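Student: This is the structure, below, for whatever I ask next.
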């Protein structure tokens with residue numbers, strides 16, 4: 001071992017000729033071949049291999065001489081070892097890392113190139129599930145990412161043990177040079193979720209990487225309303241993080257402004273609680289000037305939580321939506337004077353247009369009007385919004401879920417016709433079935449009045 005560390009060829013030959021054990025290990029399980037690598041001596045490594053030394057033996061960390069040569073960036077030594085023991089390319093150390101993993105972590109581009117020529121398994125994961133592509137996307141080495149993506153068998157969507165793809169890490173780290181390379185891959189899953197339900201877009205928003213978010217939003221197939229395990233959409237995350245630029249960009253690309261989290265907080269609950277927002281794009285601050293002026297605040301306050309909340313409300317957010325604590329965003333405004341002004345701009349909603357009792361909760365798309373409660377909406381087969389007469393393409397509850405477009409309108413007697421008759425008890429049938437009844441078929445109350453509903 002000492003002779004190999006010193007690189008003394010004559011002494012090494014003498015010891016071998018006199019029966020020295022080429023594979024003897026020291027207290028760290030290192031062999032003479034390991035020390036030849038540490039000495040950066042290609043000739044000594046070549047000699048040891050030619051004399052039958054086990055070049056694949058791992059030390060107490062499981063690292064072979066090839067692992068050590070890669071880590072030390074000994075390119076010439078790596079080439080010598082690869083020439084002799086290519087079959088051990090995929091041997092992993094105690095952490096599950098192959099020589100290719102180490103080369104990617106260290107950013108040794110030329111060594112990665114040599115290793116790839118020997119056809120290693122590029123999709124092998126270490127003990128955390130990290131593949132070499134995970135490693136370079138996490139580190140942000142775009143040159144090595146390009147090398148790996150040229151391989152026909154590379155799995156760009158391979159998940160680690162936390163469900164994260166390489167794109168998750170590139171987005172989380174904000175590697176603006178690496179993310180585009182991944183997005184160009186035809187098989188990339190842009191909307192892949194990890195074990196906490198986060199997509200790469202969630203990750204970029206969470207770490208407030210504005211340019212990465214903008215890049216991902218430019219992709220036509222990005223799903224911007226997916227919810228994680230906390231039921232947070234990227235928009236709700238951006239509001240929680242106080243990043244106005246991201247909020248504006250997400251809304252411009254169609255983010256759902258009525259999404260709620262697992263506590264039923266909408267975007268306004270989150271906004272009014274924040275003291276101030278920020279934006280990397282200073283030009284966006286001008287968008288808030290008019291909202292600031294309406295509240296008679298100084299322009300220095302245009303990025304305050306209340307001004308951003310006003311901006312969101314003008315884009316369709318509801319100041320009177322109740323969370324699980326029965327709190328509305330309007331009630332959370334501490335300044336009584338500003339709360340009164342906000343109520344002037346956004347008066348409380350009128351009761352349901354049909355029953356005139358319940359709170360309207362169903363949002364019509366695309367107009368955005370909320371004029372009916374869920375109960376009445378289930379009884380009245382509307383095709384047009386009663387407020388603006390625009391054709392209805394979808395009906396959504398307070399949780400953002402779409403109401404069933406057919407089953408809620410079917411007559412419960414014939415199960416064929418749509419409901420178009422309502423009794424005073426609130427139950428419904430089609431006209432043909434209802435005309436035959438004296439008592440409600442569900443609650444058995446005597447029918448005093450039968451109301452025919454005309455579809456809008």
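Positions of Cβ are set from backbone N, Cα and C atoms, glycine also.
Annotations per TrEMBL:
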| type | residues | note |
| --- | --- | --- |
| REPEAT | 1-27 | repeat 'ANK' |
| REPEAT | 28-60 | repeat 'ANK' |
| REPEAT | 95-127 | repeat 'ANK' |
| REPEAT | 128-150 | repeat 'ANK' |
| REPEAT | 162-184 | repeat 'ANK' |
| REPEAT | 196-220 | repeat 'ANK' |
| REPEAT | 230-262 | repeat 'ANK' |
| DOMAIN | 352-388 | domain 'RING-type' |
| DOMAIN | 411-444 | domain 'RING-type' |
Student: Which residues of the same chain, at least 6 past either end of the repeat 'ANK' (95-127), have a Cβ under 8 Å from a Cβ in it?
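Tutor: Result: 61-62, 64, 66-67, 70-71, 73, 75, 78-79, 82, 86, 89, 133-136, 139, 141, 143-144, 147-148, 151, 153-155, 158, 160.
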Student: Calculate the per-residue pLDDT averaged over the domain 'RING-type' (411-444) and state the result as an integer.
Tutor: 83
Student: Do any residues, 6 or more residues outside the domain 'RING-type' (411-444), come within under 8 Å Cβ-to-Cβ of it, and if so which ones?
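Tutor: Residues 375, 379-381, 450-455 contact the domain 'RING-type' (411-444) from elsewhere in the chain.
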Student: Cβ under 8 Å to the repeat 'ANK' (230-262), counting only same-chain residues 6 or more beyond its ends: which ones?
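Tutor: Same-chain contacts beyond the ends: 197, 199, 201-202, 205-206, 208, 210, 213-214, 217, 224, 270-271, 274, 276-281, 284-285, 287-288, 303, 308, 312, 315-318, 321, 323, 363, 396, 398-400.
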Student: Counting only residues 6+ away from its ends, which parts of the chain sit with a Cβ under 8 Å from the repeat 'ANK' (128-150)?
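Tutor: Same-chain contacts beyond the flanks: 96, 98, 100-101, 103-105, 107, 109, 112-113, 116, 122, 156, 158-162, 164, 166-167, 169-170, 173, 175, 177-178, 181-182, 185.
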